[in-house]
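Below is one structure, written out as structure tokens; the observations come after it.
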């Protein structure tokens, strides 16, 4: 009995001890952690996640069994399931690496639309085959390919590039090795032009002796009178010595804005801006250049008084001899019998020295308390973590690193794993499998992307592959600035600020159409909504933002006309219904508004650290905005609300005067007027700067040309319930219940109570029957031409339509009359009242009224012609309150004359109006 009692007592003691031990372990872990069997604490979310996070697998014990789905691969010997697309991707996802086993990958087959990379089981899109970019690890996709040859209508450059044949001998280095300018006939210039002595290029004669070097040898400024002609600047502007105008606030700000630097002369001691460093009394540089290890000030003062970098030894591999990081040796050299430190600190003597007691280091006991790796540094031990983890605050535990929070970890989609991460791509892209030194890069499927850009005298496209296939989409433009395209319909749009027109053209034929030809001044920003077929543009001359349907230019409306100073770049997000634009006026900013122009949705999203926001683009994949600032010489990005802003690059050498920007895959591309180039860099880091194209005539707007830039969406305007009489516009998605679209009207009209029909609210009406004409623009196939019209000026009418609607019209200089019949819109062609046909007496009245109306029409036409003539004359001599600064000319505006027409190779003389559109020697906006 006593023995039994003692046994029971001992057993109870053991149970109490065990219970106390478990309780002690659990008490050391927080409520949000799981206590491992070895005493370690891990997040509860790591329990039963198919990863041994405890180290003793206790977190994966007693877990419910899991069955892998059809789209998953079951790791042999494990309970883990991984997506089948992770198999054979050169990245082991199963703990035993069975998803990358050679016998598994060699037996794997690719589908019909894929190319198999040898026997490693990797599949890539067939479109990547022979694209001169090795996508397979061993480059098999580029083996056995035929040599690339240029087309019959292209010129083969000495470096293998292809350019349009008509660019040969145009005095422009389009090949980038100048082979297109070899063996050319001597050039000739027209009587209205001046030939530069050295380059033999032709410039407008009026640029001669304007105190602005247009010829590289300065021959245009030799033997000139002492007083140059100049433009008249506005009161709030400073006139450069070359005649151009800049903001008065930019005078003596330490940054040369005049091409001749005259804005920084005779300044005395200047005061630099808050974000600048003052080198001396008259010189300022970017504050970020101070103490960057490179001398930027002439006197070197930007590198004076810089803090001495703190030095330290790498405790994982080095021994600190003096304890201050000034002398380091390898840990393997410590206690090796040779004094490697200057005073022998690595070889201490004595029975208590660390060399004598090294064999008893703490790492041999419970791993020194370290979760992963313990290293004996002789004077101490330290803990470190495996890849994918970081050291905890206690210096011993290891915590998972969420790599997905680091920009650029993955191109697109990122899934954080314990101690690792996994990248994936959206539909239409394929993940490159750690090839070409671009791990985790999502490459677009289908055609090789190209750059579409306006070049003042044409609109060009440059293929972004090693061939650099280079051709023209549009030729013979006077001053093409803004541009965009419809990839599905193969259309290209552009604005010509010299002709004050917006055009559209089918890619592949030479016929172009005037989309907008009236009530337009300086359209230098453009954005296309490919879902609803709408073209938006900014007009910095009128200070408006407008929209038109590309298939019917009578469907046009002004969306924003208030609180605009100098609207420039514009982008749209038709999937979400938002429109964004930049304004570099007196209060530089970036704004957004619903694409239907609803004023209550308007918001300024970027207002600080912004001065001259020239280009603006949206990355539909990362949901971020990117913009270039020509004054700050910078590229920035933010989310679509202007938050989480990131400065990617600021450099006065690589960003001399950026104008436009676009983004695709992992790169941003931009044009630069002063560098006459197109460049690119990584959109996440601002690194990997490269010039894509050089020696361009005058690069303006730029877009990446690829179908994935215009992902298809639902056009809710085509719904049967939507019967807008004029325009149907997308609306911003404020929440899940938001309306998708709304009807809109031209200026001077308003929506009726049905919110679909537009009615004219202008006061004057004249009861008369009027015949109007619609002149269709020329087209290669007239039967398929859109309803693009040139409206005539007509008298107002009140027409009795044989239906339930009565519509009142008045003259509209921008839109032909439209009648609304049963909710639909129809161009007004020929209207007669029934009474006019039934009454002979009405004929006399009709004749009288017709004569009166005819006289009125003649008066109106004369008035319009006089007004247009006055307006055009005023335009020639006007000044803009912006930093570009049109130069007074006798025939047209000019934008940036740093570029000019090449000398001609024949006696055919081009019009002198092919000169640039702004002030001589000044920069464009």
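Yeah, the Cβs are placed from backbone N, Cα and C, and that goes for glycine too.
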Any idea which of 844-867, 868-891, 892-915 is down as transmembrane segment in TrEMBL? 844-867
Given the ranges 749-770, 771-792, 793-814, which one is assigned the annotation region 'Disordered' in TrEMBL? 771-792
State the count of C-beta atoms found within 10 angstroms of the C-beta of residue 297 (disulfide bond), not counting that atom itself. 18
Within 10 Å of the Cβ of residue 36 (disulfide bond), how many other Cβ atoms are there? 21
Rounded Cα distance, in Å, between residue 150 (disulfide bond) and residue 184 (disulfide bond) is 21
So what's the average pLDDT for the repeat 'LDL-receptor class B' (490-532)? 94
Residues in the repeat 'LDL-receptor class B' (490-532) per DSSP class, helix first, strand next, coil last, are 0 helix, 22 strand, 21 coil
For the disulfide-bonded residues listed (169, 245, 258, 291), most other Cβ atoms within 10 Å of the Cβ sits at 245
Among all protein chains shown, how many Cβ atoms are found within 10 Å of the Cβ of residue 63 (disulfide bond), not counting that one? 12
Quick check on the disulfide-bonded residues: of 157, 279, 404, whose CB has the lowest count of neighbouring CB atoms inside 10 Å? 404
